[in-house]
């Protein structure tokens, strides 16, 4: 009796895009009651990129995706699933941003849909892509994390406007028969009892579009900062310890720990709890801020373009976001290294 050969999901390429406009801490000093010193001390953020008025989530996602496709060495016709993680879609509920990105890339008659898992979105997509590929249903999955967070930020609220930036990252996840190229583990979870920690109240079924929404600023992101900080450190640390223990991998053996880039103090606290060396921890929050679902792929792209990420290198991804959601992944980089 013939035996079906196992199929594994592999991380084949990465791409990213950031808008050209930079909003510095000095700029924010002129807009709200804050200082560069305070922002850097509390968050580690020095600047963030902001999309133009006529530049949308789908535009940024399509540009990142185009790079990922080119770097994977495949054609757009080879893609059989398009997934987008975003909480700042082009449209409130339909069409999906994944469908719009597919159209902008010229990808036709291919399944496409969005997921909403806030900052955990990209790693959530890895779980979906893995399931589709290892079931044999798909061979090349385009995953995108893209956000125009400036569209839901109140630039008179100093507690949130200092944190967020815009951008996009994308990857090609492909089928392979080589176990050493395949994902080692991915994990995602959620707890809706903390839903009010991070929320954009409107528009939605609870707060439909109305004058009240505009007057009360319900269309802007709201955040319980202190509570979110404490829970993020606790949850991220626990999640990483569990995935490492499950797979019998020591934290010191991870060359690239890529956490969600929300806040330097969160990243440092988690890194310290895991006894990670500074050279293991990837940091991009200083120049991009929190780009939500785009954060992790943008960070991966940063170390790939610099030549730091090599073929076969192990990546540990860890993220936490509104929902509340959290996710982690252990996987090798199966793409080509940058040639220098």
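Cβ atoms are placed via backbone N, Cα and C, with glycine included.
Within the set 251-255, 256-260, 261-265, the record from Swiss-Prot flags 261-265 under the feature region 'ACP-binding'. Of the recorded residues, residue 119 (active site) and residue 290 (active site) place their C-alpha atoms 9 Å from one another. Fewest other C-beta atoms within 10 Å: among the active-site residues 119, 260, 290, that description fits 290. Across the structure, residue 290 (active site) and residue 260 (active site) place their CA atoms 8 angstrom apart.
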